[in-house]
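As written in TrEMBL, here are the features:
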DOMAIN    A:211-268  domain 'CBS'
TRANSMEM  A:293-313  transmembrane segment
TRANSMEM  A:319-346  transmembrane segment
TRANSMEM  A:367-390  transmembrane segment
TRANSMEM  A:396-420  transmembrane segment
TRANSMEM  A:432-455  transmembrane segment
There are 2 protein chains.
Amino acid sequence: MAEAENQEDEAFGITDRLVSEVMEAVDRNDGAFLTETLDTMHPADVAHLLEQIDTRERRALLTAWPGGLEGEVLSELDEELREEVIGQLNPGELADAVRDLESDDVVDLVEYLDDTQQEAVLDALDASDRVVVEQALSYPEESAGRHMQSELVRAPEHWTVGEAIDYMRSDVVLPDQFYHIILVDPRLKAIGYVTLGRVLSHPRDTPLRDITEDTFRTFHVEQDVEEVAQAINHYHMITAPVVDDDDRIVGVITIDDAMMFLEEEAEEDILRLAGVGEGSLSDRVIATTKRRFPWLAVNLVTAIFASLVISLFEETIAGLVALAVLMPIVASMGGNAGTQSLTVAVRALATRDLTTANVWRVIKREVLVGLINGLIFAVVMGIVGVVWFGSPMLGVVIAVAMVINMVVAGLAGTVIPVVLEKIGVDPALASGAFVTTVTDVVGFFAFLGLAAMWLL
Amino acid sequence: MAEAENQEDEAFGITDRLVSEVMEAVDRNDGAFLTETLDTMHPADVAHLLEQIDTRERRALLTAWPGGLEGEVLSELDEELREEVIGQLNPGELADAVRDLESDDVVDLVEYLDDTQQEAVLDALDASDRVVVEQALSYPEESAGRHMQSELVRAPEHWTVGEAIDYMRSDVVLPDQFYHIILVDPRLKAIGYVTLGRVLSHPRDTPLRDITEDTFRTFHVEQDVEEVAQAINHYHMITAPVVDDDDRIVGVITIDDAMMFLEEEAEEDILRLAGVGEGSLSDRVIATTKRRFPWLAVNLVTAIFASLVISLFEETIAGLVALAVLMPIVASMGGNAGTQSLTVAVRALATRDLTTANVWRVIKREVLVGLINGLIFAVVMGIVGVVWFGSPMLGVVIAVAMVINMVVAGLAGTVIPVVLEKIGVDPALASGAFVTTVTDVVGFFAFLGLAAMWLL
C-alpha cells in the first residue's frame, strides 16, 4: 500500500497507469493479471476503477476477470452503475457477491433496484438476513431505520466488564465493526453505552453502568437519516443508537455511514444550487440532458420575463443605444451579489446556523453589505459611464441603478431561501431561479426606468 | 435528552425558545438558571447558542454565567468568534478552559489566534502538553501533522491480547477516544493495527499480530489533512495512523475529525463556487463586504468585457431594438448551462472522479448535452422570436446563437476547471468567472453577429 501512496503522492485512489494496465490485460484476456491485481485491491478502489471506464470496457472487464467482483464493490459503486453491473452478473455470481454483506449494505444496494433485480438479490440471502433487509425496507426512504446497521452488541445493564468480555469471546457472531456496547434494561430499552476503550481499561469486576458515556442520546427509527448524520457530526458521536416507539434498541448508525450521508447531502446542495440535480459523472448523455433540462427551462422563463421588462423600454433604447450596451452590467452585478447572499443563506439553513433567533440580524447584514459594495461599484461604474459615453447623467443613472439592485440582491438573497424553507421547499433547489429573476427584473427596470426619466 | 429531541422533532441543536430563556436569565442576572442550563448542555450546543446571539449579548452572557465556559466550547466555536470570546476571558479562566483539551483541539484553537492570545493559551498548558502543541504547530498548515491527535495506544508487535489488556488496565493515561491499538516494531515503525472489537473477542493468549486488519495503511505527517480525510471516507477507516519520514508512528487522525475536515472542504467549495470565499454567519458587515468584494470586482470586469462586445454592434441594435430585448436570453441560457457543467466538473475533480482516464469522455458528454438541450431551446426560442417580433429570420438567428452558446458552455464548463486544476489554481474559486465570460462573450457575439449578417 505504501507504494501506491508514493506513486503520485496521493493519499488514496488509483492511478491512470493502473487503469491502462488493467484494460490492456482485459484486451489480451490475461485472467491471471486481473485476479492478482483486482482481488488484492480495496473494493472502493475497484469500484472507482469501474466508474472511470465506459460501458463496453466494463462489460469486457467483468467477463475477463475470473474471480468476479465481491459484494462490497457493488456497494461502493455509483448508484447509476449498479443496475448495469448487476445486470451482467448471473444469479450464482450475484448470490456469491451479496451473501457476505452487512444488512445495511444490502439495503443500500437493493433499495433503488428494479423489482426483478431486487428479488434476485433477496433470493440470494439467508432467510434470517432476508427478514432483516425486508424489515429495513419497510421503513420510509431516507429514514434512520432504512439505513441503520442492525448488527450491534448489547448487554444487560447489570453486567460487569468481565461478563461482557466473556460474552464477546464466546461463539456469538459479532458485527464487523462496532465501537460501543449498548446497555439495555429487561425490556430491551436502551439506557446507555460504553466505549470499547473503557471496557478494555477497567478491571473485570467493574459494572458496565459505572463507565457509561454521559453524552448518550438515541434517535427514532423514522428520523431523517441526514439529521442523524448531522447530529453525529455535531456531537462527535461514533455510534448513534436507533430506537423504536417503545425506546427499544433496533440498530445503530455508525459514523462512517454518517460521513457518507453528509457528503451526499453537501454534494446534493452544491449540485442543486447549480441547477444540476442529482447524478454522477458516469451518467449517460440522455439521462444528463433530461436532468439539466428543467432548470434551463425555468431559466428560460425568467430570462423571457426579464426581456419583457426590457421591451417596455424599447423606445428609450432606440433613443440611446448605449443603454443596451450597459444594461447587462447592472443585471449581472445584482445576480452575482444575490447568488453570494443566497448561497450563504442556503448553507446556513442546512447547518442550522440560520434560525429565527438571528434571521433579522442576518438580513440586516446582507442588505448593508449590498449597500456598501453597491456604493463602491456605483462610483466605479459612474466613472466608466462618463468616460466611455461622455455623459455624466448616464453615469448617475447606472450608479443609482447599481446601488438599488445590489441592496435588493442582499435582501432577496436572504429572504427568498428563508421563506422557501418555511413553506417546505428545498431552498438549495429553488432559490437561484427566484433570486436571479428578481435581480434581472429590478436591474433592467431601475436602469432603463431611470434612463427614461432622467436622460430622454 | 429525549425531551429536547421531541420538542421540535429535531435530531440535534437548540431551540429558539432556549435562546430566549437564556437571554432573559442574562437580563435578570440569574446565575443559578445559567449554571443549571448551560453547564449541562453539550459544548457544541453552547457554542451554537453563542453563535446565534450578537456581540453585546455574548459579552453579557459570559459575564453573567458564574461557571464560565469549558475549553470544549471554545473548540466548537466558529473561528471568527474565538478571538472575541477568548479576549473576554481573564488569564485564569482561559487557563482553566484549555487545560483539559486534547492536544489536537488546542492546536485547532490557537493556530489562527494572534500571538498574544496564542501565548496566553500556551502558557496555561502543562510543560509536556505545551511541547506537543508546539511540535504540531511546527508542521505546515493543513498538514496531517498539524491536525493529528498525538494521544494514541501502541503495542509491541509481539504482544498478546492479554498483555494489551493488562497494559490498558494499568495506570497508563489513555486517550479519551481510541478505536485501534497500533502495533509497532522495536524502532517504533507502525506495522499494523487491531480494532478494539477484535481484542475484546479473542482469548488472552492470541498474538495481536494474528488479528490485525488487512486494510492497514499509513499517511505521512506532511500530507494534506483534507486528502487524509478523503482517504478515511473512501476506505471507511476509523483511525488513520500518521507517520514521520522513518515510518515511525507519531499520531492519528480519527474519523470524527476527518468528518469535520470534509464538511469544511465541501462548504469551502460551495462558497467559492458562489464567489463568497470563507467566512461564517457570525462575521461582521465590514469583514463580509471585504470578502465578497473581489469576486464582484472580477465580475464587473467580465461584464464590461461583454459590454464591449455589445458595443461593437451598436449600429445593428440601433437598426433593430428587438435585438437588445432578446440578447440577454442567449447569454443567460449559456451562463446557466456553463455553470451546470462547471459545477459537475469541479466536484468531480474534488472527489477524484474526473481524471485523465475519463476526461475526454466527460468533455464529449458535456458537449453533447449542450447540443441536445441547445437544439430544444433553439426551437422554443425560435418560435418565441417569430411570434413576439413577427420575424422568421430573427427566430433563426436566436435559435442558431442559442445552439452555439450552449455547446460552447458545455465545452468551456468542463475544459476550464480541468485546465485550472492542471496549472494549480483552485477550480472552485476561479472557474465561474472564466466560464461566464466565455458564455457572455460568445452569446452576445453569436447573436448580434448573426443578426448583423442575416437581418440587416
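Glycine too: its Cβ is placed from the backbone N, Cα and C atoms.
Annotations in TrEMBL come from automatic prediction, not curation.
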- Query: Near the transmembrane segment (A:432-455), which same-chain residues lie under 8 Å Cβ to Cβ, leaving out any that are not at least 6 residues past its ends?
  - Reply: 273-275, 295, 298-299, 302-303, 305-306, 309-310, 312-313, 316-317, 320, 323, 326-327, 330-335, 337-339, 341-342, 391, 393-394, 396-398, 400-401, 404-405, 408-409, 412-413, 416, 420
- Interface-richest range of A:293-313, A:319-346, A:396-420 toward the transmembrane segment (A:367-390), CB pairs under 8 Å: A:396-420
- Message: Looking only at the domain 'CBS' (A:211-268), how are its residues distributed among DSSP helix, strand and coil?
- Response: 25 helix, 15 strand, 18 coil
- Task: With a Cβ cut-off under 8 Å, give me the same-chain residues at least six positions beyond the ends of the transmembrane segment (A:293-313) that come close to it.
- Result: 275-277, 323, 327, 331, 433, 436-437, 440-441, 444-445, 448-449, 451-452
